[in-house]
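Colleague: The structure that follows is given in the form of structure tokens.
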Amino acid sequence: MEVLGLLKFEVSGTVVTVTLSVVLLALLKWYSTSAFSRLRKLGIRHPEPSPFVGNLMFFRQGFWESHLELRERYGPLCGYYLGRRMYIVISDPDMIKEVLVENFSNFSNRMASGLEPKLIADSVLMLRDRRWEEVRGALMSAFSPEKLNEMTPLISQACELLLSHLKHSAASGDAFDIQRCYCCFTTNVVASVAFGIEVNSQDAPEDPFVQHCQRVFAFSTPRPLLALILSFPSIMVPLARILPNKNRDELNGFFNTLIRNVIALRDKQTAEERRGDFLQMVLDAQRSMSSVGVEAFDMVTEALSSAECMGDPPQRCHPTSTAKPLTVDEIAGQAFLFLIAGHEITTNTLSFITYLLATHPECQERLLKEVDLFMEKHPAPEYCNLQEGLPYLDMVVAETLRMYPPAFRFTREAAQDCEVLGQHIPAGSVLEIAVGALHHDPEHWPNPETFDPERFTAEARLQQKPFTYLPFGAGPRSCLGVRLGLLVVKLTLLQVLHKFRFEACPETQVPLQLESKSALCPKNGVYVKIVSR
């Protein structure tokens, strides 16, 4: 009897184990696909998702090619899943206008993953709701034409180092990767303009600032870990935030300490002793007791107009005595954001322009003539000179940003349930603006793969359908640093093309292969020859 009882217990234990295993497997199977019915219920077309990871493998070649494929397969309104998160992708200009402008109050925030470094989380890029509005309003004055004119000499100083290195490349006559030169140059610009220090990243790569910048840009999340985070976000995201991360803590500590030291130094200096850099503009804005309102936040329209230096439009100021001043962490966040955006986007834009000029010599010749005439009139260029006197350069830059927009996708998050041109959007949904797909839509841009600066003559701009050209976004949350970014690009090209011309060579990759992770960039560099003029 005892043997039978023991056997019965063992059988019962086995049954329980098997039953629990079956239940667990059933729950896992349900969990692996339970989030993947939302797009279908909304009537939005999308690729078939895989269990747990959604459409992660669809993007294995990068987001650039995949966005173009999404548009071709599913149209200007489609979607996908990354892990359990649903993305609604739009490249229809009328829907984009509704999201970015007409219904901005419901789409004022960017998507946050919860894994952003503290320096990014404290920047105007990722701040949310009222705090974003306060900080953005306070920072607007730092990007006025007058303030940018004060920063122009610092950028010109960094250009001198770049010209010196290009002179050696011209003398050698060898092909070289000019993207690497631009990378060093933009590091120098960011160090000077955003952090208030002087570095020479090409000749002194051991500089601590340069070393830490390289660590920032070398970081990437391993694909297996990314798949795990996307599959189990409610567990993995909080876990990743609390687990020790030596690299993250060291980078955050370095840049935060650097900013604090510079701020302490500026506090001891007189107004005349302080550098006219971006950091000082932010510090000045912090001390200001007024800011502009949301209705004046869109800087892109003005920045893309040559008439902006005729006087800024009146900005409605609101007292901000009840708003908390920028914290040191937030000031560090703005400088760090300048590092990320200024380095990646400026480097890639300069690289793409160089490639296009080298492979389109007739366009380069026309631009060289304009540059020479401009430099005769303005040997020491200022911000407003650059806005008014280089129309063909503006056209070349604009067409490059159409073909190769470095920031080729960005997100908005729906605060409440709403409808956008008849499409229901649930609260919490992430909308992704597919700038790359929009810029390569033949309906709006005939022969989109052809480099044609004539698309951006003054007359042609008037014929463009609104919200079909978005290299800097649009609306109140468009790129805050658009003026400064264009200033760096245009001043650099002006200085370089006044001394050199670009030539394609056997090492030049045609067509250019692209890589798209956080930003669009040349995959294998840009190899050209450079010739002294």
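Easy rule for this one: first residue shown is 1, then count along the chain.
A Cβ is built for glycine as well, from the same backbone N, Cα and C atoms used for every other residue.
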Colleague: Is Val53 annotated in Swiss-Prot on the same side of the membrane as Glu250?
Modeller: yes
Colleague: May I ask you to indicate which of 76-96, 181-201, 391-411 is given in Swiss-Prot as transmembrane segment?
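Modeller: Among 76-96, 181-201, 391-411, the range Swiss-Prot annotates as transmembrane segment is 76-96.
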Colleague: Could you say whether, by DSSP, Cys479 (heme binding site) belongs to a helix, a strand or a coil region?
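Modeller: It is coil.
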Colleague: State the count of C-beta atoms found within 10 angstroms of the C-beta of Cys479 (heme binding site), not counting that atom itself.
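Modeller: Its Cβ shell of radius 10 Å holds 22 other Cβ atoms.
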Colleague: Can you give me the average pLDDT across the topological domain 'Cytoplasmic' (1-10), rounded to a whole number?
Modeller: 53
Colleague: Residue list, the topological domain 'Lumenal' (32-75) vs rest of chain: Cβ under 8 Å, 6 or more residues beyond ends.
Modeller: 81-86, 88-89, 91, 226-227, 230-231, 408-409, 423-424, 426, 434, 436-437, 440-441, 514-517, 520
